[in-house]
Amino acid sequence: MASKAFRKPLPLQALLIFFLVVWVVMAAFPFLWTVWGSFKVEGDFFSKADWANAIFGTRTRAETGDLFTGQGYYGAWVQEEFWRAALNTLIVCAATVMISLTFGTLGAYALSRSTYRYAFWFLIIALIFRAMPPITLVSGYLPVFFDWNLWGHLPTAIIVLVAINQPFTLWMLHSFFNNIPKDLDESAMVDGCTRFQAFRHVIVPVMWPGVITTALFSFLLAYNDFAITALVLSKENQTMVPKIASFLGTTQTKGNVMFAVAAVVSVTAPLFVMIMFFQRQIVSGLTAGAVKG
Amino acid sequence: MKHKSFFWFVLPSSIAMLLFIFFPILSVLLQSVFTEHEQVIKEVRNCGPFGCQTTTSIDQEATAALREAEPLGRFVGLGVYFDRGHLALSEVSQLWRESAGLGAFFDRLLNLPFYKAIAFTLTYTFVVTPLTIVLGFVIAVAVNSAARAIRGPLIFVSLLPFIITPLVGSLVLFWMLDARGIIGSAMQVLADDPDLSVKASTPLMWTMLMVYGVWHSAPFAFIVYYAGLQTVNQDTLEAAMVDGASRWERIRYVVIPHLLPITTFIALIQLMDNFRVFEPIVSFSAQAHATSLSWAIYNDLSGETRQLSSAAATSFLTIIGVAILLSPVIVRTYRDFTRK
Amino acid sequence: MSFMKTTALASVLAVTGTAVLADCPVTEGRLSIVGNEFPAIQSVAALAQECMGEGTEASANLTADHQKINVAGMSGNPAEYTSAIIANSSIVALINEDVIRPLDDLIAEYGQDIPDLQKITIDGQVMAIAFMANAQTLVYRADVLEQIGVDVPETYEEVLEAAEMIREQGIMENPLGGAYAAGWNLAEEFVNMYIGHGGQFYEAGTPQVAINNEAGVKTLEMLKALSEYMNPDYLTHDSNATSAEWEAGNVALMNMWGSRSGVLMDEEGSEPQVYENTKVAPPLTVDGGDIPASTLWWDGWTVAKNISDEDAAATFQALAHATSPALLNDKTMGEAVWLIDGYEPAPVNEGVLAATRMGTQPYPMLPYQGLLHTALGDNIADYLQGNETAEQALSDIEAAYTAAAQEKGFLN
């Protein structure tokens, strides 16, 4: 990186640093604000009277006697047993990521190696499938799921998420496999391997960077999904996002917004660890060409 | 690759998509060309805790016979696609005949729900997509030029807008942008207008939705570009320098061509996602000011009486819209593919 | 739609019934409830589940999205849900799809104690048992009204006068509040106000909409006049945001759900000056009418059609027990305005009770009202923002409703 080609003139460097600072503030400020506010009461978090209350904790002090309160966290995790939802989310995300990548790598590998025109149309049809708004799909599933007694179970939600996630996974992994030289697996086949053996012994060892990058996006999709999990899972199998939505109240009744805020803040910590852990792979994955078309 | 091995490799993926995307799409297609039976209405007397009333109800026996005769409902062909809630053909041609000029025509066209939705949807798509790409690129360049030690945290922070559940993320931003929230107050001071309120004005609401859209999806473009930058061929860059290429020329002739395929990919995904914009409209309660196609589907499905055929027709119009929007990208991919 | 002949609620509430408990525990059958999620319904569902004895199945799926899954979940055979807890607006969807059964035989066998007041009768058949009531009524700040020296308003015209005085005297910039968020909330306000103006939504006995008339125009004009005194963001304020405005002390008069008034009076979220002076009054009338510009709501339970007789009997008994006086204790008493014998209303519920006494109409229980509600919610904002005339907005609503009603088979 010490290459002269990358040394920038001072004004440009300053400009970039300035931009970076602005962006970091933009990206992090709402989150930091949420973290700060999660230790307040609702009257301060949504301080309609004066926004400065959110900083000085006027209502928090009046209602709890302290500047900070853990009520939101206590309510979410202990009273409402948010850990159940967190556990369900963990199961759903892990399973979704693993299954979509298994299906996705197999399919995308074949798509990248086939020279027939149907492979192209396969990709295009997958893309068109992705255009379908998920809420319309879900309303089509419900009667069938109820009829066949599939409704409410975690595996149902997982397989639906896998299916909806397939087009994106296929596209991303397809471009990645395109960048793995064909000679690798073809020479293995010349040596007498079957197509699957070539895939298993030659391609699998070199595909991890791309797979991990795709995994991140699959994970985030399953993690943030609301449209499907809210309607397909029963109460005891509820995942985090619908649980958070249930804290927000309805037209006729008041909710516990601070539970939702505390819940959101507390689940960001594991994500931070995860990204720190995988950031090198994420980048090297894309580097290896996941998206080079 | 042989047909047979291709088949086995794509089988799991195909079955999943066939079962959970293709079949539902077929049923949605059926739903959009069939509507419910004529409902036989009868007068009934209802009583409850608040007294008795004479009202109407569906005559289940009479309707059941109709249902039996045609289990799918009434076939209406493209009737739902052309009714007032969708393409509104007769209303549009009437407007065309009656309106004094083009301006008046468009003004009244936007009063029809579908055209109102498509106006915002297209504006949003064509503003947010390029801005996301540009912002993502600049962030990637900036992060790439930062010291190695802080890149990890920088990546995490840059991904935050993408990670925080939109449900709560937009709730927080909604408050911040309130006339009495921190950003809203700051804007009032900056604009020197104490009555300025983002949520009360249509142009400001549109702007805010688009700013949110860029903010929310820039991290996606960023991470993809950032990775792309790692693979720019150093030798080519050095060679270009030796040849006396200026900084701009090096970016123009080496870096940008290298990143072009990545840009295609981002554009593809972003165009599609932005065309289906939905979440911010609901989270910001913006429907008085802006509606989109996906929002229209949601609205049809979330009323007390769900309008399935209408939602199905809008879904298909969305798919057609996406197909048109992506056609240039698809053509490009096709060329790449046949070159292979 | 015609008139209310009797309004028995208020008087019956005072009478204590002869409560005989249903047979608990139920020894065979299945109970599976789907319903909205708020404390009152949670209490009912919990008690019903307790009533299911050993060897029976009992579950409850309470979620804000219940309306999206209840029809699908009751259409199969056997149905996943043996009971849906619904309100008077949402029972219509279940009746339209014919997924709930008449309860008369079950009442004869297991439910003689259920007072007539709780029975929801449609065309002579009991289709649901109501257990709680709700309505939007006036909430006001006693200190502010005292300061400007006016009595508690009884009509919307008086509200406008009071609002003008509050603004003129510089007490508050935007003294009125209301859940006017475009969509369901705004449509609800229209329905309230239109009923207050004595309007009829449809041509008698038909699904043919008829709101583009004088009452419709007056209704829109009144909504707009009120909105002039509201926070400029009023089109984005649902009942959550409106309550937050109230607790911040920015609002002195508003039309609010009875079920949400209690939390405005507690110590959480606001200054003592706000919560101590928050008072509830009867719903308002408008334009010299007698019928309040508000609607009454009930929540009740139903029994699914496509289930075995055994399951239906179990479900009925468990829920009948859960909405009998056995439900009422210190904790549950304040959760809702119960329609159950032995309920003792708190002062905060005075608004809802007054609404029933004044002959407030229930929200129309018509097969096509949901379609009109959606059409209203989508088109009123254009008028309030000054983009079009009242007549244009009303004709847009009619056109949108007609297209939807044709698609659903109500109109040709």
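Glycine residues also receive a Cβ, built from the backbone N, Cα and C atoms like all the rest.
Where the annotation comes from TrEMBL, it is an automatic prediction and has not been curated.
TrEMBL annotations:
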- A:12-36: transmembrane segment (TRANSMEM)
- A:85-111: transmembrane segment (TRANSMEM)
- A:86-276: domain 'ABC transmembrane type-1' (DOMAIN)
- A:118-142: transmembrane segment (TRANSMEM)
- A:154-177: transmembrane segment (TRANSMEM)
- A:198-223: transmembrane segment (TRANSMEM)
- A:257-278: transmembrane segment (TRANSMEM)
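Taking every listed stretch (A:12-36, A:85-111, A:154-177, A:198-223, A:257-278) in turn, the largest tally of C-beta pairs under 8 A with the transmembrane segment (A:118-142) is reached by A:154-177.
The stretch from A:154-177, A:198-223, A:257-278 with the most CB pairs below 8 A to the transmembrane segment (A:85-111) is A:154-177.
Within the chain carrying the transmembrane segment (A:257-278), a Cβ under 8 angstroms from the stretch's Cβ atoms is held by residues 31, 34-35, 37-38, 40-42, 45-46, 71-73, 75-77, 79-80, 82, 86, 212, 216, 240, 243-245, 247-249, all 6 or more beyond its ends. Beyond its flanks by at least six residues, the transmembrane segment (A:154-177) meets 88, 91-92, 95-96, 99-101, 103-105, 107-109, 111-113, 123, 126-127, 129-130, 134, 137, 141, 145, 203, 207, 210-211, 213-214, 217-218, 221-222, 225, 228-229, 232-233, 237, 239, 285, 288-293 of its own chain at Cβ-Cβ distances under 8 Å.
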